[in-house]
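Structure record follows, encoded as structure tokens.
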Amino acid sequence: MAEASPHPGRYFCHCCSVEIVPRLPDYICPRCESGFIEELPEETRSTENGSAPSTAPTDQSRPPLEHVDQHLFTLPQGYGQFAFGIFDDSFEIPTFPPGAQADDGRDPESRRERDHPSRHRYGARQPRARLTTRRATGRHEGVPTLEGIIQQLVNGIITPATIPSLGPWGVLHSNPMDYAWGANGLDAIITQLLNQFENTGPPPADKEKIQALPTVPVTEEHVGSGLECPVCKDDYALGERVRQLPCNHLFHDGCIVPWLEQHDSCPVCRKSLTGQNTATNPPGLTGVSFSSSSSSSSSSSPSNENATSNS
């Protein structure tokens, strides 16, 4: 609470965001009756002729982030949240007093106190963005403006080389649209990756070889061993006609033919109709070894091989 004085002077109410004359002796705002007020520096109270300065900020004295929300929320979908994310506590945007060209030699602390009402005025109206303004005494070449940052953000050309002073932005090394934004961004990337591997398996089997596959009946030995179709997992019935591959694995005709029309390989051991092991050197994946998966696949259904070898 400020000390009582004969002349209270001008104060700034942080609740109303206006300059006021406090109500004595409690030093509260006469508008909202709040005690959250701050005494303004002497040089901002009045001019030499005694006239009170206007509280309406000019275009030059207006904080540079006065309308930052309007700029950010007019960006394309997804960019607004992205732009707010880069403005953290370590990001500073310089502000310049009108007509200032050189350092006036005053203490930096006094300059911060002089500009304190403007910063609080902006902070009371824009509580969402955590922004820090830095006072400078002259405009320097190469310092980015807010309008320039927003424009480059829309154009997608911001890189660490164009704005080297933006530390948090350094994690982006390409167009922001190349990154996954939002809930559907990761799903789109996974779908794209899966589509790239869709046609990397064995090519379709030759139709003549598919038609030439022998059809054999299911025997009592097959039924007794609990033999089932590796595709649909249904048990074979006695006397049922099934297709036999060169690797001696048995399948239902409706299960194996559609598979062979897309992949020239056995679903169990990965051998093609010509006897080649497609799991060891699959087309499109040269240099990748699948020997362990091949051996495990071959040993996964010993009953199928034993049963067919005895047929």
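Cβ atoms here come from the backbone N, Cα and C positions, even for glycine.
So that you can see what the record holds, here are the features copied from Swiss-Prot:
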MOD_RES   Ala2  N-acetylalanine
REGION    5-100  region 'Required for interaction with BAG6'
MOD_RES   Ser5  phosphoserine
ZN_FING   13-32  zinc finger
BINDING   Cys13, Cys16, Cys29, Cys32  Zn(2+) binding site
REGION    42-64  region 'Disordered'
COMPBIAS  47-61  compositional bias 'Polar residues'
REGION    94-132  region 'Disordered'
COMPBIAS  103-116  compositional bias 'Basic and acidic residues'
COMPBIAS  117-132  compositional bias 'Basic residues'
REGION    200-304  region 'Sufficient for interaction with AICDA'
ZN_FING   229-270  zinc finger
REGION    277-311  region 'Disordered'
COMPBIAS  289-311  compositional bias 'Low complexity'
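Neighbouring residues of the recorded Zn(2+) site, listed in sequence order and excluding Cys13, Cys16, Cys29, Cys32, comprise His14, Cys15, Val18, Ile20, Pro30, Arg31, Glu33, Ser34, Phe36, Ile37 (Cβ within 8 Å of the Cβ centroid). Taking Cβ-Cβ distances under 8 Å and a sequence gap of 6 or more within the same chain, the neighbours of Cys32 (Zn(2+) binding site) are Cys13, Cys15, Cys16. For the binding-site residues given as Cys13, Cys16, Cys29, the lowest number of other CB atoms within 10 Å of the residue's CB is seen at Cys16. Using DSSP to sort the residues of the zinc finger (229-270) gives these counts of helix, strand and coil: 8 helix, 7 strand, 27 coil. Each residue in the zinc finger (13-32) gets a DSSP state, and the totals come to 0 helix, 6 strand, 14 coil.
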